[in-house]
Each structure stands twice: as C-alpha cells, then as structure tokens.
Amino acid sequence: MVVAEFNSGGLRGMRGFSYHVLTGRWFMLFASLLIMSVAGATYMFGIYSNEVKTSLGYDQSTLNLLGFFKDLGANVGVISGLVNEITPPWVVLSIGVIMNFFGYFMIWLAVSGRIAKPQVWQMCLYICIGANSQTFANTGALVTCVKNFPGSRGSILGLLKGYVGLSGAIIAQLYHAFYGDHNPQALILLIAWLPAAVSFLFLPTIRIMNTIHQPKDNRVFYHLLYISLGLAVFLMVLIVVQNKVSFSRIEYIVDGLVVFSFLLLPLALVFREEINQLKSKTMADSEPQLKVVTEVMPHPNVQQEVKATTSSHEESCCAGNILKPPKRGEDYTILQALFSIDMLILFIATTFGAGGTLTAIDNLGQIGHSLGYPSKSTTTFVSLVSIWNYLGRVAAGYASEIFLTKYKVPRPYMLTLVLLLSCVGHVLIALGVPNSLYLASVIIGFCFGAQWPLMFAIISEVFGLKYYSTLYNFGAAASPVGSYILNVKVAGVLYDKEALKQLKAKGLKREAGKDLTCVGVECYRMAFIIITASTLVGCFASFVLAMRTRKFYKGDIYRKFRVEHETTENEMEVTKTGN
C-alpha cells in the first residue's frame, strides 16, 4: 500500500512514505545515535568538578567521593535492565528522562547558590540519580539496537558506544554555542535539560523490531562510521584551534551549527535505505510469479538445530541449576551467568581496567592543575578524552568484528591488548613529564572507550541475548567498583595526604570550609603507580579469559541467529505460497 502511494506521488504518497520512514528500523537506529550522542555527560565531570569543589568548599577526597557516586550511578544499571525485561523501551527511556533532569538540576541549584548548601550525602544522591539516567538511555536504546541487529553486534556496539564517547565533545561545543565560554554552572544546566529533551523526543521510535540481517546492512554501518569519523575529525581540529585562539560568540554558534549538521547527516542514509527498500519491494511485486509450491519445509539441519537449541534452553531454565549452565553461546539465565567463572574473570578485568582509566578521567582537571597546566587546558583534556574515547569504541567494535569473522581472533585477546596499552597512559601521569598530559589523555580516552564494546560484545556472545539487558548492566557495574577502590581510596586519599603535607611545610593549617589543593607531580605519582599495577592484574585476567574461550570463538558463534532467520524465511515462504 505504501509502495503504491509513494509511486503515485502527491500528499498522500508523501504522508505514507514519511510514516514508513519514521516507523522503519533505520530511523530507529538514527534516533538511537542522537540519544547516545548526548548520553555521556558523566564524562564531563572533569570540566565542572572544580566549580563544585570551590563553590561548596570540598577537599579532594570529598570530590572523589562525589565522583565515585557519579560512576556508581552511570554504571550500575541492573534496575534499568530488570525494568527493560518486563516493559517496552519507551518506559525505560521515560524513567531516564525524569532522573536526568532531576539529578543535574538539583546540582545546578546547589552550585549556583539558589538553594542552601546541601549535605555531602545529598550531593552524592543527586549526582548518582542524574548519572544513573545514562544506564536507562543505554538500556532503552543501545540494548534494543543490539537485539534488532544481532548479526552485527560488534559494529552496533562500536558505533553507538562511540557516539556516547564523543558526546562529551559534542555537548562542550553546544555549551559554547548556547552559553559562550567560562561558565561551568551553565554547563551543568545544559546537562540537565539537553539529554532529557532528546530522549523524550524519540520515545515512540525506540522499540524491538523483528528484522532479518541483510548483507547490505554492513555497508550502511560503515557509511555511518564514516560520518561519525568526519564529526570526530572536525571536533579534533576545532579543539586544537580553540586551545590556541580565543573564539567570539558568533564563531561558537557557527561551530555548534556545524556539529548539529553532522548529527543530522545520517538522516540522508535513512531516506536512501528506505527508498531503496520500497523500490526493491515494488520490483518484487511487479514480477510475475509462476512457480507452484505445495509445501516448503525447513532444511533438516536447520530443523534439528532449532530443536536442539530450544530443548537445551528449556532444560537450563526448567532445571534451574545455577552451577550447571548451558554451553557458551546459549541463553544463560541471569543467575547462571552471574555465578559463572567466565563472568567473574571478566568482572575482575573490567574492575581494574575501567576503574583505572575512569580514575584518570575523573581527575583530569585536578591533575592538570597540580602539574601547572592553564585552566583552559582542562576543557582540552576532557575533549581529547571524549574524541579518543569515541575512536576507541568504534575501532574496538569494528576491528574486533573483522578479526573475529575473518581470522577467528577471540575478543578477549583484543581486551588484553587494550588494557596493556592503558598502562602507558597511567605511567605518563605518574612521571609528570611536561606536556605529556595531552598524550596521556589520548591514550586513556582511547583505552577507556575500547574496553566497553569489547566487554559488552563478549557478554552477549558467551551468555546469549535473552537476558542481555540485565547482564549488560551487571558487567558495567564493575567500573564503579574499580573507581571506588582506585579513585576514592587510592587517588583521593593520597592527594589529600600530600596536600596536607604541603600546608604543614608552609606552616599553615587547613581552614574549615576551604577546598584542599595540592601542587606538583607528587600529588598523583604514587596513586598512578598503584593504578598501573592493578591494570596489569586486569590485563592478566583478560588473557586468562581469552585462553578459556578460544575454542568457543574458533567455532561459528552466530550460527544460531542464521538458523533462526532461515526458519523465519521458510515460514514466510510457506505463508506466501499458501496464499
């Protein structure tokens, strides 16, 4: 019907085509990209953290405690996963909208002095709620896309998580366009309303769709990758120029419009794919079909595989035996996955790997200040982390997919290499070599970003997709655990200890309500030596997982989904010929 109306033209045809586009799977992917492009506000903590510290009179341990609750909220999404198991994605996104606005709006009110100074536990609660909205956005949009494109999950995870990583730089440029420069309080207000508004706009669009993987889908994913790379290159050049030259308000507005144009560019691909789909359908319908089929049966191998898969799944669920999970790649129950050795090893690797890089990201502002970098460089560091965070995510997602499909290289091997590389960034911070923080920001941003699509893809492949929304968020919970250990208990405590030592050397005592500041390479040296050692432990754990799963990855891990698609196509053929 839509095809006929589209070909006939006119208002009715355009209306039918518009409805077809808005309800299609590619527009759903575009909406998810926009949601992800503003869903990484938690990575901007380094820009406004000093404003929170000075306006509320915190020491570094208190600020790092606030950073921990930010990380806790951003990564503990088990609740959003469980909600997603029993409700449609729009419910999950709606909860995220409310939490995002409430949490960050309360922080803005506190920092701007519009309400009485909150207790520390209240600020921790506000930032935890605001940051936790990110897990609802991820669960509602990203998990839905993975389920809609199960045969390309590496590319999907790399692309969507890449936009999350890039969102820090995107929001920074939009902040300049809306509010100018040097106004961290306005940035907090922007973080409160912008992600909430984007998610609210696309609530009806995000949904589970029964789609069959097509070979041409990979072509679309690569085109989307090229667009995102163009955006990343533009932001990178812009950041370098902004660090050297002072921009006027008009120039900031123009830059913001260019960024906005890059975000809308994937719409061209959406229209192209939907038009091609309509044309293909028109040609198929116009061709005379003379073949007579009395009965179409699924291929025996397909039938046997579906039966085996179904029976094994039913046995694992009905028996409820937590300590006897199914084979890798089958659908684990939640408890079977949580109590498995593979999940324990992956959790350890992520705890120390992501925990170390997250500690560096959260403390970038204070690290730069202690090493004598100008305050303007803080925005540069955070933007560099954001862009290379994006590059790490897309590189890990797409590269691991290529190495897996062509050479059967297990994804845990890639994770091991990423963790090893992150140690270089930690060592650079520990040494405090002049101007090395720029390179450290690049390395840490890349490695932090690369860990996530690898970890999330490993979970989906080893434990199945049935309870992926819950297991996805459990895996992410390893990050705040590592952040609490390495950020609060190591970096924060050692920083304050050194700051008090410097005050004592000057014959001064800390005054109540005043922030505590440390200057010099000694402020973070010992902390990042410890973080480097802990990251090596995570690297070893990842290598152990690679050895355990190498036989599994040598097989055809996506055969199950191709079997299901073959069965679906055969059933559709039977229905078509029957009519």
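Cβ atoms are placed via backbone N, Cα and C, with glycine included.
Given the structure is predicted, the values throughout are model-derived calculations rather than measurements.
For the domain 'Nodulin-like' (25-270), the model's average pLDDT works out to 87. Look at TrEMBL and you will find 25-270 tagged as domain 'Nodulin-like'.
Annotation source TrEMBL lists domain 'NFD4 C-terminal' at 338-553.
Per TrEMBL, the feature transmembrane segment maps to 26-48 (among others). Beyond its flanks by at least six residues, the transmembrane segment (26-48) meets 67, 70-71, 73-74, 93, 104, 111, 130-131, 134, 137-138, 140-142, 144-145, 148-149, 159-161, 163-168, 170-172, 184-185, 187-188, 191, 194-195, 198-199, 202, 205-207, 209, 220, 224, 263, 266-267, 269-270, 273-274, 361-365, 378-379, 381-382, 385-386, 389 of its own chain at Cβ-Cβ distances under 8 Å.
Residues 35, 41, 48, 51-52, 55-56, 73, 80, 83-84, 117-118, 123, 126-137, 139-141, 184-185, 188-189, 191-193, 195-196, 199-200, 202-204, 206-207 of the same chain sit 6 or more residues outside the transmembrane segment (90-111) yet have a Cβ under 8 Å from a Cβ within it. Sequence annotations record features per position, and here TrEMBL assigns transmembrane segment to 90-111 (among others).
Residues 32-33, 36-41, 43-44, 47, 138, 141-142, 145-146, 149, 186-187, 190-191, 194, 221, 224-225, 228, 231-232, 235, 238-239, 252, 255-256, 259-260, 263, 379, 382-383, 385-387, 389-398, 400-401, 445, 449, 452-453, 456-457 of the same chain sit 6 or more residues outside the transmembrane segment (156-175) yet have a Cβ under 8 Å from a Cβ within it. Annotation comment: TrEMBL describes 156-175 (among others) as transmembrane segment.
Taken from TrEMBL, the feature transmembrane segment applies to 187-208 (among others).
The transmembrane segment annotation in TrEMBL covers 220-240 (among others).
If you look up TrEMBL, you'll see 252-271 (among others) marked as transmembrane segment.
If you look up TrEMBL, you'll see 337-361 (among others) marked as transmembrane segment.
The transmembrane segment feature in TrEMBL is assigned to 381-400 (among others).
Taking Cβ pairs closer than 8 Å, the transmembrane segment (412-431) reaches residues 346, 349, 353, 356-357, 360, 367, 392, 396, 399-400, 403, 437, 439-444, 446-448, 450-451, 454-455, 458, 521, 524-529, 531-532, 535-536, 538-539, 542-543, 545-546, 549 in its own chain, all 6 or more past its ends. Residues or ranges marked as transmembrane segment in TrEMBL: 412-431 (among others).
For the transmembrane segment (437-459), same-chain residues at least 6 beyond its ends with a Cβ under 8 Å from one of its own Cβ atoms are 153-154, 157-158, 161-162, 165, 337, 343, 346, 350, 353-354, 357-358, 360-361, 364, 367-368, 371, 373, 377, 380-381, 384-393, 395-397, 400, 411-412, 414-415, 418-419, 421-422, 424-426, 428-429, 468, 471-472, 475-476, 545, 549. Per TrEMBL, the feature transmembrane segment maps to 437-459 (among others).
Away from its own ends, the transmembrane segment (471-495) comes close to residues 60-61, 63-65, 67-68, 71-72, 74-78, 80-81, 135, 138-139, 143, 332, 334, 337-338, 343, 346-348, 350-356, 358-359, 362-363, 366, 452, 455-456, 459-460, 463, 518, 523-524, 526-528, 530-531, 534 of its chain (Cβ-Cβ under 8 Å, at least six residues beyond either end). What TrEMBL lists as transmembrane segment is 471-495 (among others).
What TrEMBL lists as transmembrane segment is 526-546 (among others). Counting same-chain residues at least six beyond the ends of the transmembrane segment (526-546), those with a Cβ under 8 angstroms from any Cβ of the stretch are 342, 345-346, 348-353, 355-356, 359-360, 410, 412-413, 415-416, 419-420, 422-423, 426-427, 429-430, 458, 482, 485-486, 490-491, 494-495.
Each of 187-208, 220-240, 337-361 was scored by its Cβ pairs under 8 Å to the transmembrane segment (252-271), and the highest score goes to 220-240.
Residues 22, 27-28, 31-32, 34-35, 37-39, 41, 44, 47-48, 51, 88-90, 93-94, 96-98, 100-101, 103-105, 107-108, 111, 130, 133, 137, 140-141, 144, 147-148, 171, 174-175, 178-179 of the same chain, all 6+ positions outside the transmembrane segment (187-208), place their C-beta atoms under 8 angstroms from a C-beta of that stretch.
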